[in-house]
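Undergrad: Below are the structure tokens for one structure; questions will follow.
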Amino acid sequence: MSEDKAPSTAGSKANATFSQSKTELFIRSIPFEVTSTELSDFFSNVAPVKHAVVVTDHEGKSRGFGFVSFTDADDATKALEECRKQKLNDRLLKIDFAKPRVRGDDKEAKPEKKPISTDVVEKRRPRLIIRNLPWSVREPKQLEKIFAKFGNVTDVVIPRGDNGRMRGFAFVTMRKKSHADIAIEKTKNLKIAGREVAVDFAIEKNKWLNNAKDTNEVDESESEDETPKNEREEDDDDEEDEEDDENDENDVDDEELKDLEKQNFAPTKTGLRGAPTSFTVFVRNVPYDATAESLKEHFEEFGEVRYALPVMDKQLNQPKGTAFVAFATEEARNECVDNAPATATTSLLISDDVDPRYVFDGRVLAVTKAVEREDATRLATASANERSKLLGKAPDEKDKRNLFLLNEGRITANSKLAEKIPASELEIRQKSYDMRKQQLNKNPSLHLSLTRLAIRNLPRAMSERALKALGRKAVVEFAKEVVEKKRQPLSKEEVIRSTKEKNSFGAVKSKHGVVRQSKIIMEQKGTGSLGRSRGYGFLEFRDHKAALMGLRWLNAHEVSIPEILEGATEEEKKSLDLGDSKKRRLVVEFAIENAQVVKRRRENVMKSRVAGQKRKHDDEEGDDNDEEDNEEQGQDWKNKKDKVKKSGKKGNMNKGGQKKNVEEKPEPKSQEEVTRLVIGKKRKMRKLKKGK
């Protein structure tokens, strides 16, 4: 009898596993840059996602395939049909139902996945979990109003993260289990704020983790059933050959998939893509052109490195200047952290006593132990003020040379903007960056200006008037694009930095508008507008905020013919040679200045301000006293004239007039001239008295 029952038992297990696979999708041809979170967001647009994971190798890099599980089989079917037609990062995904792994007769079958027990729910009041919750649901009353239709609600909890952000799920406790059953039954297609949610019984965290672990074991076994033969058959059905080639790179064979059994990519938060953070270090002040390979090679001086991962800004697709490095042993990690410099700086000048192992491409690296995501959020919040000093870097704070602006406007070969720029112009930009870096490294008196921009690759026909008009246009267009949400606005730190810079120099109402000065360098000095331009110049803005706006709009901007002819007369337009002015993209950077020259310039400006204020004050006093003194001074002048007449002294015609009469000023012709002369004399007397 036992032999007869065995097949039926095995068949029931197979049916159970097959039914479970209907809620699990196997995804292939995933772009390598896509993370588990992005994969989950992609499928969440169609149906509520229970769990999503992108499979990675031992270095934490994507293998090009993954799994997505749903709470309901209908949701999985819907996602399979709709997501096959949509592209993720310009690539169509290959989606199938996950299949259970079938072992040979000589191998012991994996224990059947235990269903989630509802005993825990029955022991206490039934608690429901609502997943895929919209961010707009913030108050418990909103959910209480919805679930009160199905029975008495005793409690509603909407968890938040350490930084106060919503986490996308909530818990609702019902008075009776029958009420909870009704709620689950009635909310299968429930939408809250236009977003479909998933409602299920909540279980204890440790039981959920054990269940998730079992799910991952099924996921890994599922991947082993995909053979290269099947993958090639599906590739033949594709219409585009280029896409087939990319998909072949993502396809894997059985032996590679078996290695995945050694990896743990559970849905719990375990640091860096499932890797333990105990042997991982966090590195700051990393050069922006550093790669994973170059970082790994550099840190192998301390010991074996599992992987190195530069941190990227997802929106800008540019490096953030930080990285994670995972060591294979605790000894190597401790060797790296314990001997690291106490502090690191963004200065390009390196002290002689710094260990060369912590210098990477001329930068001193700051190395600390990596922490869990929750701890990192807490530490970031606690040190917000210190971080703002390091990143804001106003002139009176730590980085007085403003070296952090060296990377402002830099376009790397891997950025999206580089696709629009010819290779020759990218080479010009890199040479300019290297030259500026070398200048700042050699001369400590040089610094980067907060308000002055250096502009290269200018059309030779462009005048200073046209350049100034282009600077004003850049600020206006930047503001318009921010309003239209085509461009990111300036950050809070950048605005604060601009305010501090303005206050440090003294707030003065500008008479020149947003652009104070424009200057184009000529091939021969002193030729003025008649000379030939060297193709570069400078723009001085009113404040740092305007300079940032101008730089970000002008950088890589293609100058048009109307912009070149701005402000030119009809005769000048006819004489201009516009042959080399087409398709020129500007190279814009913050200008390098000498601190001593800037100091003298500021002193002269301050002196001129003080002199202007004194002159204004004197003029106001003079206007008050002039009318009172006019009659008295006019009478004195008449008395002097009468004395000359009474003296009767006349000059000898042969010898000429006396010296006294020669030096005397001609007699004024009117009372108005007398008044002006008196006012002028009084002003001179006041200046002489104050000078003493």
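Quick reminder: no glycine exception, Cβ is built from N, Cα and C everywhere.
Because TrEMBL annotations are produced automatically, they should be read as predictions rather than curated entries.
Straight from TrEMBL, here's the annotation block:
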type: COMPBIAS; residues: 233-258; note: compositional bias 'Acidic residues'
type: COMPBIAS; residues: 620-634; note: compositional bias 'Acidic residues'
type: COMPBIAS; residues: 640-649; note: compositional bias 'Basic residues'
type: COMPBIAS; residues: 660-675; note: compositional bias 'Basic and acidic residues'
type: COMPBIAS; residues: 679-692; note: compositional bias 'Basic residues'
type: DOMAIN; residues: 23-100; note: domain 'RRM'
type: DOMAIN; residues: 126-204; note: domain 'RRM'
type: DOMAIN; residues: 279-372; note: domain 'RRM'
type: DOMAIN; residues: 451-593; note: domain 'RRM'
type: REGION; residues: 212-271; note: region 'Disordered'
type: REGION; residues: 604-692; note: region 'Disordered'
Undergrad: Kindly state the mean pLDDT of the domain 'RRM' (451-593) in the predicted structure.
TA: 85
Undergrad: So, by DSSP, how many helix, strand and coil residues make up the domain 'RRM' (23-100)?
TA: 20 helix, 25 strand, 33 coil
Undergrad: For the domain 'RRM' (126-204), DSSP counts of helix, strand and coil?
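TA: Each residue of the domain 'RRM' (126-204) counted once, the result is 18 helix, 26 strand, 35 coil.
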Undergrad: Pull the DSSP breakdown for the domain 'RRM' (451-593) and write it out as helix, strand, coil residue counts.
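TA: Split into helix, strand and coil, the domain 'RRM' (451-593) gives 58 helix, 32 strand, 53 coil.
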